[in-house]
Ligand code: BMP
């Protein structure tokens with residue numbers, strides 16, 4: 001059928017109009033505006049290093065991914081500076097918290113504690129393992145603030161358990177809350193999973209970790225694919241890159257060059273996909 005909607009062949013900006021969730025819309029719009037489908041995952045333990053990397057890669061990314069619990073000298077000033085950088089460089093913030101508990105607990109973890117994640121993260125993610133109640137708990141905090149949630153439907157690591165029926169159930173959970181669940185952490189598109197009818201125009205954001213241009217793994221189970229494989233071939237939307245950008249030391253010129261390289265490569269892969 002030629003009129004079946006396919007997110008893979010639609011532009012990011014056209015797709016932004018299909019999303020009602022504010023965070024999904026904003027992400028697709030910034031991707032189009034900055035010509036970037038690059039998310040940098042800033043997994044470092046010192047506040048100064050964290051902020052320096054973000055300030056350096058900021059112009060080239062649509063999204064910054066954080067693991068805020070890694071930071072040893074965390075304070076509220078760090079959050080103020082992170083927010084200021086997000087406004088100056090025009091990117092969204094994704095806290096990779098991987099919530100995985102009962103609704104009541106995740107609600108507290110999202111809104112409270114030292115980090116008060118809901119106050120500053122436009123997007124968070126959750127493991128679907130507890131079932132739909134995890135989404136309900138998080139939505140009760142995030143929806144009033146205009147936030148979005150990603151479910152981990154697949155993982156990038158060798159021999160991970162998020163496959164088959166587990167992935168299908170994750171997609172079914174997302175379909176129950178399209179106002180809040182904006183997509184997945186996954187390795188390929190998810191719309192055809194558990195449903196052969198894509199004509200109703202389903203559109204999920206697929207954010208994909210395990211991306212690297214120079215190495216295939218990290219010796220600890222991580223598996224890397226190239227932007228071409230992830231974006232052009234598998235049809236994912238956002239490449240998540242961590243050590244591929246800053247793994248060779250603190251030199252800001254080297255970090256900037258790597259961010260520019262991944263941005264260019266990811267965008268070319270997207271244009272190649274659209275022209276197919
Ligand atoms: P790196 O590019 O340095 O391997 O970092 C990948 C990042 O993506 C890490 O922050 C990790 O927590 C995250 N991630 C992953 O690698 N695989 C997954 O399946 C899900 C993730 O969130």
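Placement of Cβ uses the backbone N, Cα and C atoms for every residue, glycine included.
Here TrEMBL has 43, 156, 222, 242, 243 binding substrate, and the candidate from 25, 65, 257 in that same listed site is 65. Considering other CB atoms within 10 Å as the measure, the emptiest surroundings among the binding-site residues 65, 243 are those of 243. Of all Cβ atoms in the shown protein chains, 18 besides its own fall within 10 Å of the Cβ of residue 222 (substrate binding site). Take the Cα of residue 98 (active site, for OMPdecase activity) and measure to each of the binding-site residues 65, 242, 243: the nearest one is 65. Shown are the recorded positions 43, 96, 101; the one with the most C-beta atoms within 10 angstroms of its own C-beta is 96. Proximity of the recorded positions 101, 156, 222 to ligand 1, judged by a Cβ distance under 6 angstroms to any of its atoms, singles out 156, 222 in sequence order.
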